[in-house]
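Annotated domain '4Fe-4S ferredoxin-type 1' per Swiss-Prot: 53-83, in sequence order. The feature [4Fe-4S] cluster 1 binding site is assigned by Swiss-Prot to C63, C66, C69, C112, with sequence analysis given as support. As annotated by Swiss-Prot, [4Fe-4S] cluster 2 binding site applies to C73, C102, C105, C108, with the evidence given as sequence analysis. The domain '4Fe-4S ferredoxin-type 2' annotation in Swiss-Prot covers 93-122.
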Amino acid sequence: MERIKQFFKSFLLVEMLKGMKVTGRYLFAPKITVHYPEEKTPQSPRFRGLHALRRYPNGEERCIACKLCEAVCPAMAITIESEQRDDSTRRTTRYDIDMIKCIFCGFCEEACPVDAIVETRVLEYHGEVRGDLTYTKEMLLAVGDRYEEQIARDRAADAPYR
């Protein structure tokens, strides 16, 4: 009796019809494809994109040259050089991030005690040669100045979870 059931299952292609039923269910479902450059998906305030250096409202840069971000970076993508100022505070003379090495883990952002280095929502940047993707202090400050309002909103939205 069991052999007869097995014969009819394989002869009538029951397994294949079950598979086609699943395929048919999704074949006519609405598509969820996002046509990328024209349409963009919503981003979280915690999105980790292009790095930026921030300034205080009075215009002074936030980085105190503690070098915690350089020490915590697993990819060793951050290079910092600093000097002592007349008022006995340290400030950076060089702050470079090699975006080719960076793995966008966010450790630098978490390690920073003064929220100087942050990752923005910017994900569209490019370089035509390798050196174009090494961001200097001036470039990072320019990114921070350009997106400061968005960065402040994202930091405020994320504050309860920090």
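Cβ coordinates are placed from backbone N, Cα and C, and glycine is handled just like the others.
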Which listed residue (C66, C69) has most other Cβ within 10 Å, given these are binding-site residues: C69
For the binding-site residues C63, C73, the one whose C-beta sees the most other C-beta atoms within 10 angstroms: C63
Environment of C73, C102, C105, C108, the listed [4Fe-4S] cluster 2 site - residues of the same chain whose CB lies within 8 A of the CB centroid: C69, V72, P74, A75, A77, I78, I97, I103, F104, G106, F107
Inter-residue Cα distance where the pair is C108 ([4Fe-4S] cluster 2 binding site) and C66 ([4Fe-4S] cluster 1 binding site), in Å: 12
Proximal residue to C69 ([4Fe-4S] cluster 1 binding site) among binding-site residues C102, C105, C108 (C-alpha distance): C108
Other C-beta atoms that fall within 10 angstroms of the C-beta of C108 ([4Fe-4S] cluster 2 binding site): 24
Distance from C105 ([4Fe-4S] cluster 2 binding site) back to C112 ([4Fe-4S] cluster 1 binding site), taken between C-alpha atoms, in Å: 14
For C105 ([4Fe-4S] cluster 2 binding site), nearby residues of its own chain (Cβ under 8 Å, 6 or more apart in sequence): R48, P74, A75
The domain '4Fe-4S ferredoxin-type 1' (53-83), counted residue by residue under DSSP: helix, strand, coil: 5 helix, 9 strand, 17 coil
Rounded mean pLDDT for the residues that make up the domain '4Fe-4S ferredoxin-type 2' (93-122): 95
Neighbour tally for C112 ([4Fe-4S] cluster 1 binding site), based on other Cβ positions within 10 Å of its Cβ: 20
Nearest-integer angstrom distance between the alpha carbons (Cα) of C63 ([4Fe-4S] cluster 1 binding site) and C108 ([4Fe-4S] cluster 2 binding site): 12
For the domain '4Fe-4S ferredoxin-type 2' (93-122), residues assigned helix / strand / coil by DSSP: 5 helix, 9 strand, 16 coil
